[in-house]
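Copied over from TrEMBL, here are the features:
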{"type": "TRANSMEM", "residues": "15-33", "note": "transmembrane segment"}
{"type": "TRANSMEM", "residues": "148-171", "note": "transmembrane segment"}
{"type": "TRANSMEM", "residues": "178-199", "note": "transmembrane segment"}
{"type": "TRANSMEM", "residues": "211-232", "note": "transmembrane segment"}
{"type": "TRANSMEM", "residues": "252-277", "note": "transmembrane segment"}
{"type": "TRANSMEM", "residues": "283-303", "note": "transmembrane segment"}
{"type": "TRANSMEM", "residues": "315-336", "note": "transmembrane segment"}
{"type": "TRANSMEM", "residues": "342-364", "note": "transmembrane segment"}
{"type": "TRANSMEM", "residues": "371-394", "note": "transmembrane segment"}
């Protein structure tokens with residue numbers, strides 16, 4: 001070993017030692033400050049209470065609420081009322097600690113189709129209200145319901161995307177200008193999906209409560225997805241350069257399929273959540289709306305492949321990547337129905353779509369490095385218009 005190697009090794013050991021010391025301080029100092037009897041002063045005054053209702057389950061003669069303490073202090077449930085009438089309930093006897101959940105079972109002869117306002121009174125007198133627009137029996141999340149969600153996922157995601165991909169033979173006969181416009185349409189489609197998923201995720205993040213990050217969960221998921229897919233894209237670029245192959249549309253089509261697939265997982269969550277809370281009419285309308293909506297996504301996948309003849313197996317794989325995530329999304333939505341998880345997953349979809357838009361935008365530049373040419377602007381507007389018009393079929 002040379003003197004240079006020994007010096008380099010010593011510097012490396014010192015650097016890692018410093019990193020470990022900093023990490024230890026980051027962990028130990030807050031623990032000392034926040035421990036019982038620690039250095040931080042204790043907060044005086046009345047307790048700060050906050051409860052969120054995560055799930056409402058209707059069964060014959062009873063209503064079950066899953067509640068979570070999203071505030072800093074423990075919460076004890078004193079009384080529960082339905083439509084301004086106190087009812088007998090079980091559960092929630094012990095104080096609910098921060099971020100913990102509890103189930104309350106209310107004895108109440110509810111009627112299907114009627115609206116109900118459920119009021120939770122805490123031991124300090126705080127009232128938390130939860131409104132159910134129309135009560136209906138909640139399906140049991142068993143094997144039969146999961147099979148139904150799987151079939152719906154295929155009908156909503158896999159089949160419509162495959163139908164949209166059938167335009168590939170026509171794209172092969174199109175000129176470069178037509179392909180450019182279709183790529184711009186793809187950007188418009190994806191941009192609309194990203195905005196739509198972002199607003200939906202922000203709404204779900206608000207329902208999850210500030211204790212879990214609230215709307216910031218969407219930003220966190222989007223950032224992580226964007227960075228992860230960017231790293232994967234750079235890795236694929238290095239491997240392609242190592243094989244000295246030319247750039248083609250296969251990698252771009254794969255990235256489009258991944259972004260659409262993550263977004264479609266959010267659509268599955270919406271369908272599963274609607275069925276989980278008993279909103280069967282809304283769930284059925286979502287199925288029809290998303291099925292029409294997703295047909296246009298197949299076009300977005302095959303647009304980068306217009307100048308190629310990919311094998312059938314590759315096309316099937318791309319369609320599965322884009323459409324199949326609706327299935328696990330619907331299953332998760334019907335079994336878990338967690339607003340925080342849904343917000344993170346929608347954020348991941350947003351980040352993936354934004355990364356794909358960045359990729360496609362590079363291919364839209366002209367030889368004089370112009371991006372917003374009239375044809376590109378028309379394609380962008382057309383993509384947004386198509387998604388807006390098909391989105392009208394999806395209930396709000």
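Including glycine, each Cβ sits where the backbone N, Cα and C put it.
Whatever TrEMBL says is automated annotation, not expert-curated.
The stretch with the most CB contacts under 8 Å to the transmembrane segment (315-336), chosen from 148-171, 178-199, 211-232, is 148-171.
Within its own chain, the transmembrane segment (211-232) has Cβ neighbours under 8 Å at 50, 69-71, 98-99, 198, 201-202, 205, 255, 258-259, 262, 340, 343-352, 354-356, counting only residues six or more beyond its boundaries. Two recorded stretches are said to be in contact when at least 3 C-beta pairs lie under 8 angstroms, sequence spacing 6 or more; the transmembrane segment (342-364) and the transmembrane segment (178-199) meet this definition. Counting Cβ pairs closer than 8 Å to the transmembrane segment (178-199), the top stretch among 148-171, 252-277, 371-394 is 371-394.
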